[in-house]
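Residues or ranges marked as ATP 1 binding site by Swiss-Prot: GLY206, GLU207, PRO208, GLY209, VAL210, GLY211, LYS212, THR213. The ATP 2 binding site annotation in Swiss-Prot covers GLY607, PRO608, THR609, GLY610, VAL611, GLY612, LYS613, THR614 and rests on similarity to another entry. Positions annotated as coiled coil by Swiss-Prot: 391-525. For 3-146, the entry in Swiss-Prot reads domain 'Clp R', with the evidence type sequence analysis. The annotation region 'Repeat 1' is assigned in Swiss-Prot to 6-71. Look at Swiss-Prot and you will find 159-340 tagged as region 'NBD1'. What Swiss-Prot records for 557-766 is region 'NBD2'.
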Amino acid sequence: MRIDKFTTAFQTALADAQSLAVGRDHQFIEPAHVMKVLLEQTQGTVAPLLEQSKVNLSRLIDGVNKAIDSYPQVEGTGGEVHVSRELSKILTLMDKFAQQNKDQYISSEWFIPAALEAKGQLRDVLIEAGADKKAIEKNIMNLRKGERVTEQSAEDQRQALAKYTIDLTEKAETGKLDPVIGRDEEIRRTVQVLQRRTKNNPVLIGEPGVGKTAIVEGLAQRIVNGEVPEGLKQKRLLALDMGALIAGAKFRGEFEERLKAVLKDIAKEEGRVILFIDELHTMVGAGKAEGAMDAGNMLKPALARGELHCVGATTLDEYRKYIEKDAALERRFQKVLVEEPSTEDAIAILRGLKERYEVHHGVEITDPAIIAAATLSQRYITDRNLPDKAIDLIDEAASQIRMEMDSKPVELDRLERRLIQLKIEREALKKETDEASKKRLSDLETEIKNVEKEYSDLEEVWKSEKASLHGTQQIKEELEQARIELEAAGRAGDLARMSELQYGIIPELDKKLKAASQKEEQFHDHKLLRSRVTEEEVAEVVSKWTHIPVSKMLEGEREKLLHMETELHKRVIGQDEAVNAVANAIRRSRAGLSDPNRPVGSFLFLGPTGVGKTELCKALAVFLFDTEDAMVRIDMSEFMEKHSVARLIGAPPGYVGYEEGGYLTEAIRRRPYSVILLDEIEKAHNDVFNVLLQVLDDGRLTDGQGRTVDFRNTVIVMTSNLGSDLIREFSGENYDKMKDAVMEVVAQHFRPEFINRIDEAVVFHSLKKEQIRNIAIIQIDRIKKRLKEKDYQLTISDDALDYLSELGYDPVYGARPLKRVLQQQLENPLSQKILEGKFVPGSLINIEKKGEQLEFKEA
């Protein structure tokens, strides 16, 4: 018999049976070897066929294994095996059955009827497992659906829908899909398009994370519950698995063959199947090779003829990039736009999903946590969309609590380490014989007993808490399962089971859950374990994602912002008008009175050099974000040429450096919450101001690659020396008079539309002598801090402080000369004395004024 008459799948089975016989040292390939291999084929037709024919597969596998074990083992054959007489007879019968059915190739399923007709060991095993020849032949006809085997790869194309699609309606029936809340308008629109006579293929278009796939899952649930028009009832919604379709398609045309088989099976279903293609743009160009047709082109005829009922989903960008380019494909789909839900809708969606996440993580999710997830994600995570980002927050916060519950509490861990430490000490003291050691040993024994008792008590509490939490999780899982069963019973019309569940099992589980929750409440005061996701946990996750200190977000807004001036004045001496202006802008923003679509605040700081313009920015960054790193500093003197604008926002397409992005836009994309300092703004080219106009007005900027960067959470500060000579001139005059004079100079330099967009222009005063003295105290405190790290202490007398302040005072240059004076008069001589060894670590250094210089003494 010619081996090439068999299908590819059966040829593979024969080869595997041969290697099985060789591995077991058998002389012949027996039918049992082939049977074992056919049953183990992952995508074979024999196992499903036997299952449909009510054959007991586990009994059959046992029988086949026993038969293989009974064959004699022959050594010294050199791996040479032959087809046994029994197998040869079965193969001949398979050929006969194939010819009777007018098949061109012999397929695997004929092996079973042939084995049952040929009298042999395998026939007895099959009959014992419950095989019936007539039932199997009938199921073969059902499997083939009147088709003949005309290709060697025919078996691979069978049951294409089962292999290459995922049944969403089946998932909905078994309760494996998450509930879909809201989105009624989009689902109704999708159903409306599906009901059309032609072009009945909706494509859901929306930003990533707005819930396009969820809408299709919602449709599957509605089909299952019968909440759809008559035309859609009893239909199956299948999701095309592109990965399975492409995976393993090694040869040219194999991918097209598989897709053709899927389309053929769908056509046979005669409209009873709706195909869902997620990431629809992947179909355009999939399987494309030189001279070959891609998947998108293969779909067109089926879509045009109405054989294929299809729902697609893709993002706006990908739709434009791939589908709109192919006008013939685009016209076959009807667009359904999916907008991002509002915060209120997102809260409703989260409330609907809450139970699923509680069961999965085994924690309780509070309602304030849900509200916090929606509001905080909308406010702070601007580059993603609701409800996806809010769901992620809840999911991560719940997994964090679960992780804490599963690991040992910090308090227990600390006691355990302490116990180990004490026991090591006890072992060391046992070797000592002096009285002090013996006394310490007896004290140690008492301490060990106390710590052991404390540890065991705490461990007991921890175990009981853990057990109570585990109890509620188990009850919640049972309750969810009971509800899924109730829905299934309702669909099946099983009234007895429905009443048993609704009036017996579910109320009983509710009662158990209530009791377990009350027991859990008893532990709530002295918790070792957190079992609830509150707004605090959600805020913690937000801070991990966005680097905003969580305490700052949860601290009462009033308390935090009312003492803002005091905090800023710890670093910035004088300049009350500037500090108040900044504080008021931040307060307006946080109280929700300022425009949410503009930056938190935009300021123009004007004043002479060294008066604290840049220092105020640093103080603001520390106050708002706890770190100076949150300040993006750009020296505008570097942007004096017209073309340097590209450095801020990125080079346009076609230019070198296009992929790299801009300095300003990239910094804010990575850290959207920062203080932006544009130093020496008057030195920049005029075109740079044009770029800043939309940042100051709309809080947004489009970079070289067309991405919108969000500046709404930034504080923008620009500094300038314009009019500094006037500030010195008007130093004794009224502040408003001085400001008006300076603003006249500013108006001559900057365009009106630029000045008009700034929240406030603040004029800094020249520093007075007493302010320089206060700055000297701050600077010396920093030196003390650095010395403390090296284990030195420093004190300075008032005389010495006055002397340094006097030397450092310069009305023209501000506080910078003071820094130089401290360097020359204090840091230089002190570092020399430390290196000479006059002061050793641990010493207290006292600085006093002696004549016209400072004296350093060890106190």
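Cβ atoms here come from the backbone N, Cα and C positions, even for glycine.
Predicted, not measured: the structure shown is a model, and the values here were computed from it.
Distance from the CA of GLY612 (ATP 2 binding site) to the CA of LYS212 (ATP 1 binding site) is 52 Å. Same-chain residues that are not part of GLY206, GLU207, PRO208, GLY209, VAL210, GLY211, LYS212, THR213 yet have a Cβ within 8 Å of the Cβ center of the ATP 1 site turn out to be THR315, VAL338, GLU340, ASN385, ASP388. On the backbone, the CA of THR609 (ATP 2 binding site) and the CA of VAL210 (ATP 1 binding site) stand 51 Å apart.
A count of other CB atoms within 10 A of each Cβ picks out GLY206 as the most crowded of the binding-site residues GLY206, GLY209. Neighbour counts of Cβ atoms within 10 Å were compared for the binding-site residues PRO608, GLY610, GLY612, and the top value is held by GLY612. If you measure from the Cα atom of THR614 (ATP 2 binding site) to that of GLY211 (ATP 1 binding site), you get 45 Å. In this structure, the C-alpha atom of GLY206 (ATP 1 binding site) lies 52 angstrom from that of GLY610 (ATP 2 binding site).
Across the structure, PRO208 (ATP 1 binding site) and VAL611 (ATP 2 binding site) place their CA atoms 48 angstrom apart. Each of the binding-site residues VAL210, VAL611 was scored by the number of other CB atoms within 10 Å of its CB, and the largest score is that of VAL611.
Listed in sequence order, the residues of the same chain lying 6 or more apart from GLY607 (ATP 2 binding site) and placing their CB within less than 8 Å of its CB are LYS613, ASN721, SER724, ILE727, VAL763, PHE764, HIS765, SER766. Long-range Cβ proximity for GLY211 (ATP 1 binding site), meaning a same-chain Cβ under 8 A and a gap of 6 or more residues, is found for VAL180, ARG183, VAL338, PRO341, ILE349, PRO387, ASP388. The Cβ neighbour count for LYS613 (ATP 2 binding site), using a 10 Å radius over every protein chain in view, is 26. Between the CA atoms of THR213 (ATP 1 binding site) and GLY612 (ATP 2 binding site) there is a gap of 54 Å, rounded to the nearest whole number. Counting every protein chain shown, the number of other Cβ atoms lying within 10 Å of the Cβ of THR609 (ATP 2 binding site) is 14. Listed binding-site residues: THR213, THR614; maximum Cβ neighbour count within 10 Å falls on THR614. Annotation: LYS212 carries the greatest number of neighbouring Cβ atoms among the binding-site residues GLU207, PRO208, LYS212 [cut-off 10 Å, Cβ to Cβ]. Each residue of the region 'Repeat 1' (6-71) gets a DSSP state, and the totals for helix, strand and coil are 47 helix, 4 strand, 15 coil.
For the pair formed by VAL210 (ATP 1 binding site) and GLY610 (ATP 2 binding site), distance between Cα atoms is given as 50 Å, rounded to the nearest Å.
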